[in-house]
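Asker: Mind looking over this structure? Questions follow.
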C-alpha cells in the first residue's frame with residue numbers, strides 16, 4: 001500500500017494539541033519548527049498545503065496563568081482569544097525561516113453552511129494557495145459556543161478539505177492510527193492499515209481513545225474522514241511523533257491508517273452539485289455558451305447569458321439551460337440574480353463598470369459547474 005500523499009497535490013494537514021503544546025502548558029516551539037520544516041518540504045515538492053492547527057486555547061491558558069483548562073465556555077473563549085495571538089506569532093516566525101508567508105484564517109461551521117460565506121472563504125483560500133502562502137486555520141473559538149466541543153478541529157479539517165476540494169486530509173495525532181479495538185484494553189487488537197472511509201464498522205472500532213490535552217478522540221477522526229470523503233478526499237490518520245512523518249508520507253511510505261474515499265473528487269462533486277442542491281433560478285445561455293460549457297467544460301461568462309430567471313443570491317445553485325429550455329448544466333452562481341441581469345450579455349471587462357466592483361470574472365466558475 002502506497003500513501004495517497006505521494007500523488008496528492010492539495011493537502012490539508014490537521015495537527016492536534018498534543019503535537020504543538022508542552023502537554024497543554026503553552027506552545028512547544030520546537031515542535032512548531034518541525035512542522036514548518038516538514039510543510040516546507042511538501043511545498044518544495046510542488047504540493048499545496050493548508051494547516052489546521054490546534055493550540056490556541058492551551059497557549060492562552062499559559063499566558064493567563066491558569067493551572068488547568070477551564071470548563072466554562074466564556075473562559076475557553078477568552079483563552080482562545082489570548083492564545084491565538086501567540087499561535088500566529090509563533091507560526092509566522094517558524095515559516096519565515098523557510099521563506100514562506102503565512103495567513104491566519106478563523107472559521108466557524110456557520111461559514112461553511114452559508115453559501116455566500118462558503119464561496120468567499122473558498123476564493124480566499126485558493127487565492128492564498130496560488131500565492132504560495134500557507135493558510136493556518138483554526139476555529140473561531142472566540143465567537144462560537146456549541147462548536148467548542150469534542151473533535152472541533154478534526155471536523156474543521158474535513159470541512160476545509162471539502163471547501164477547497166483537497167486531494168487528501170492528514171490528521172496527525174499522538175496515536176498510531178486505528179485499531180480494531182482499543183489496544184490499551186485489548187492486547188490482541190489489530191492495526192487497520194487501510195479501509196473505506198464511511199464504513200460503519202469503523203465507528204464501532206474507534207472507541208473513546210483520545211488525549212486529555214485536546215478535544216478529539218479517534219471517533220471524531222473517523223467521522224472527519226467520512227465527511228472528507230464526500231468531496232472525494234482520502235484521509236490519513238497517523239502519529240505525529242513519527243520522525244519526518246509528512247515527508248515520509250509524501251515519499252509514499254504507508255504510515256498510519258488510510259481511509260479511502262469511494263468516489264474520486266470530480267465524481268463526488270458532480271453528485272453533490274447535480275443531486276443535493278436546491279435550484280434557486282435559471283440562466284438561459286446562447287448557443288455558443290451552451291456549446292462551450294458542455295463540450296469544452298469552460299466557465300460560464302456573463303456575455304454568454306441571454307436571460308436570468310428567478311431570484312437568487314451569490315453562492316446559490318442555478319440551472320443553465322439552452323435556448324430550447326433544456327437544462328445542460330448547473331452550478332453555483334458568483335453573482336446574485338440582480339447583478340447577473342446587469343452584467344449578462346456583457347464581456348468580463350465591463351463588470352466593474354456595471355456593478356462598481358468585480359468579484360470573479362465568470363458567472364459560474366468551471367470548478368463549480370457540472371454538465372448534465
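Glycine is treated like the rest: Cβ placed from N, Cα and C.
Below, the features straight out of Swiss-Prot:
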type	residues	note
BINDING	14, 173, 174, 215, 216, 217, 218, 219, 220, 221	ATP binding site
BINDING	54, 141, 153	substrate binding site
DOMAIN	280-358	domain 'PUA'
Asker: Just the number: how many Å between the Cα atoms of residue 174 (ATP binding site) and residue 141 (substrate binding site)?
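Answerer: With the alpha carbons as reference points, the distance is 23 Å.
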Asker: Quick one: of 141, 174, which of the binding-site residues has the smallest count of other CB atoms within 10 A?
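Answerer: Each of the binding-site residues 141, 174 was scored by Cβ atoms within 10 Å; lowest is 174.
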Asker: Under DSSP, is residue 54 (substrate binding site) helix, strand or coil?
Answerer: coil
Asker: Judged by the number of other CB atoms within 10 angstroms, which among 153, 220 is the least packed of the binding-site residues?
Answerer: 220
Asker: At the Cα level, what's the spacing in Å between residue 218 (ATP binding site) and residue 141 (substrate binding site), rounded?
Answerer: 22
Asker: Return only the integer: C-alpha distance in Å from residue 153 (substrate binding site) to residue 14 (ATP binding site).
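Answerer: Roughly 8 Å, rounded to the nearest whole number.
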Asker: Please work out the helix, strand and coil residue numbers for the domain 'PUA' (280-358) from the DSSP assignment.
Answerer: 27 helix, 24 strand, 28 coil
